[in-house]
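Student: Attaching a single structure in structure tokens format; questions to follow.
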Amino acid sequence: MVQLINNKHLTHSLTRDIPRSFKEFKADIISRHQKECIILQPSFWDKDQVSPDIDYEEGTSSEIEESKPDNVSSNKINKYTGSEKDPVQGGRLGKYWSILTCGAGLFSDGYINNSISTVSTCLSKVYGKAYTESNAIKNVASIVFVGTVVGQLVFGYAADHYSRKASMLVGTVFLVVFAIMCGGAWGIHTTDSHPGGLFAALTIYRFFLGIGIGSEYSSGSPAAAEAANCLPKRCRNRWFIWFTNLAINCGSVVGAFVPLVLVWICGEKHLTPVWRISLGMGAICPMILFFLRLRFKESEAFEKTKFTKGLPYLQIIKFYWYRCLIISVIWFLYDFSAYGFGTYSSIIIGLVLPKKASLAKNFGWHVVLTLFKLPGSYLGAYSSDYFGARFSMTIGLLLHAALGFGIGGGLKHLTKHIGGFVVIYGVFSSLDGFSAGDNIGYIAASINATPVRGTLYGVAAMVGKIGAFVGSYIFPSLIKRHGLASAYYVCSALAVFSAFLTYFCLPELDKEAMDREDILFKEYLESQGYDITLMGLHRNDLEDSVIDTNTASFEVNEDDTKDEHKHIVGTYAIDSGNNSDNNSSSSIAVKETE
């Protein structure tokens, strides 16, 4: 039963996410955990449970709470979207394919940002002080984050206002073209021993490469979240995470392994082809994705809710400022740590290894260190599904911080045992992926309505990349002035603060958050006098074509259980709302067949 809880989104829209009393704060914390942790719900264990009739009571002062069993689809028909929840074409396999097509572009982000660490080491060997004692060592690695910020803003707006598909395709072209140009970068008077204008060329190309990466965050990830939202409740989070954060980490592993293989092939005396081929191979994944995305179809939910004549910025800011601020701060702190360590991980390993250690050994340990990210990301996806994104992220951050403080305190002893250091540092990185790495993108997508998801997701991710940019600049100076241990202390302290923000300041993150937010946002816009007929299809057309005063029957195939279909009959009651000519409700009988 969908229950009417309060109408804070209408009466106190500016502070709707902030508790107005300690009693309300306490109630929110308890109820959120119970709803978000699905293993605490009886329906999680009772797969054979059949749902009773489900009533969706929609009004202008409703906060919607879903309490139907997990094995019953949450597809619903309402006066705002006029369609079933499933926006993805192609049936069951089509849903997973859509998530892959949208989210896997982040593989390029992982590859590009991790390969530059080993490429930076190669450039320092080839050009010596001309690279290490110039601003190039910072600019080449960090400028991609500036481009990413630009891409996240531009493509976020384009994805919401025009097309998710077009934004992804244009961004993919950026990735292909400028990855190839980075591999073939050349400047005036550049030779194998003298850089000439090489570093300037690399800096420019990597800026535009960053724009392509930014498109993946603000257009690909929101589209992947919308596709994942069509899956059964018990597995939504994991599929989104596997094709976004796990894809990033797989790209990081490949980005570390490719230079190692090239060093084996070319030898340590011929590093120019090593770094050039490493950068150029970043074009392979987006090139494949480009052709896959040509067949991508926009989700029905997006087509029917997007703004067609500009965004109501003032209303959006009033409605989403708080949650956008919180998730942006968390993302800033996460990227500050993750990219700061990741960009200079080869340098960190170099500080621990003996001075005469071979370059292949340095790169090899870098691969081993990067591999530790995979189990954390993979297992964190299950934890996010079963225990909820909020709880998994909070616990992961606290464990990450505890281990970081331990590494900082025992670093002198650990550096004498490279194997032990890499294992502990690897677990440290794995916990980072288990917590914020896995959940932050899912949270950023879940807390915003479909019409503004790309824009607000892009804003939060943009702030995160600013954190990555700051971290990549600060880490070398921090390590140089205060030692390697100081970096662990700083990042661990920030992780504790992030855990606090995650648990106490984020809004509800249950499985119905995305659907509920779509309805609340449109109710809010209506209350502000905004003409919602400017969003996608006209509202009157939707009501005429979907809502009938008589009961209609139709068949839909659901797959919310893993292995079998159930015969379910549900009744969806649709309130015509305060703005209609009458207050009668219409109902549509839904029958599911094998």
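Cβ atoms are placed via backbone N, Cα and C, with glycine included.
Unlike curated entries, TrEMBL annotations are predicted automatically.
Residues or ranges marked as region 'Disordered' in TrEMBL: 50-83, 573-594. Per TrEMBL, compositional bias 'Acidic residues' is recorded for 54-64. According to TrEMBL, the feature compositional bias 'Polar residues' maps to 70-81. Residues annotated as domain 'Major facilitator superfamily (MFS) profile' in TrEMBL: 98-510. Residues annotated as transmembrane segment in TrEMBL: 140-159, 166-186, 198-218, 239-265, 277-296, 363-381, 393-411, 417-434, 455-475, 487-506. Look at TrEMBL and you will find 575-587 tagged as compositional bias 'Low complexity'.
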Student: Looking only at residues six or more beyond either end of the transmembrane segment (277-296), which have a C-beta under 8 A from one in the stretch?
Tutor: 98, 100-102, 104-105, 107-108, 111-112, 115-116, 118-119, 122, 164-165, 168-169, 172-173, 175-177, 179-180, 182-185, 209, 212, 223, 251, 255, 258-259, 262
Student: Check the transmembrane segment (198-218) against the transmembrane segment (140-159) for contact, please; criterion is three or more CB pairs under 8 Å, pairs 6 or more apart in sequence.
Tutor: yes
Student: Given the transmembrane segment (393-411), which of the listed stretches 140-159, 239-265, 417-434, 455-475 has the most Cβ pairs that are under 8 Å apart from it?
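Tutor: Per the Cβ under 8 Å count, 417-434.
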Student: Where among 166-186, 239-265, 417-434, 455-475 do we find the most Cβ pairs under 8 Å to the transmembrane segment (140-159)?
Tutor: 455-475
Student: Please give the sequence-distant neighbours of the transmembrane segment (166-186): residues at least 6 beyond its ends with Cβ less than 8 Å from one of its Cβ atoms.
Tutor: 102, 105, 108, 112, 151, 155, 158-159, 197-198, 201-202, 205-206, 208-209, 211-216, 218-220, 223, 276-283, 286-287, 289-290, 293-294, 296, 454
Student: Near the transmembrane segment (455-475), which residues from the same chain, at least 6 beyond its ends, have a CB less than 8 A from one of its CBs?
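Tutor: Residues 138, 141-142, 145-146, 148-149, 152-153, 155-157, 159-160, 214, 217-218, 221-222, 311, 316, 320, 324, 327-329, 331-341, 343-344, 440-441, 444-445, 448, 487 contact the transmembrane segment (455-475) from elsewhere in the chain.
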Student: Average the pLDDT scores across the domain 'Major facilitator superfamily (MFS) profile' (98-510) and report the rounded value.
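Tutor: Value for the domain 'Major facilitator superfamily (MFS) profile' (98-510), mean pLDDT as a whole number: 88.
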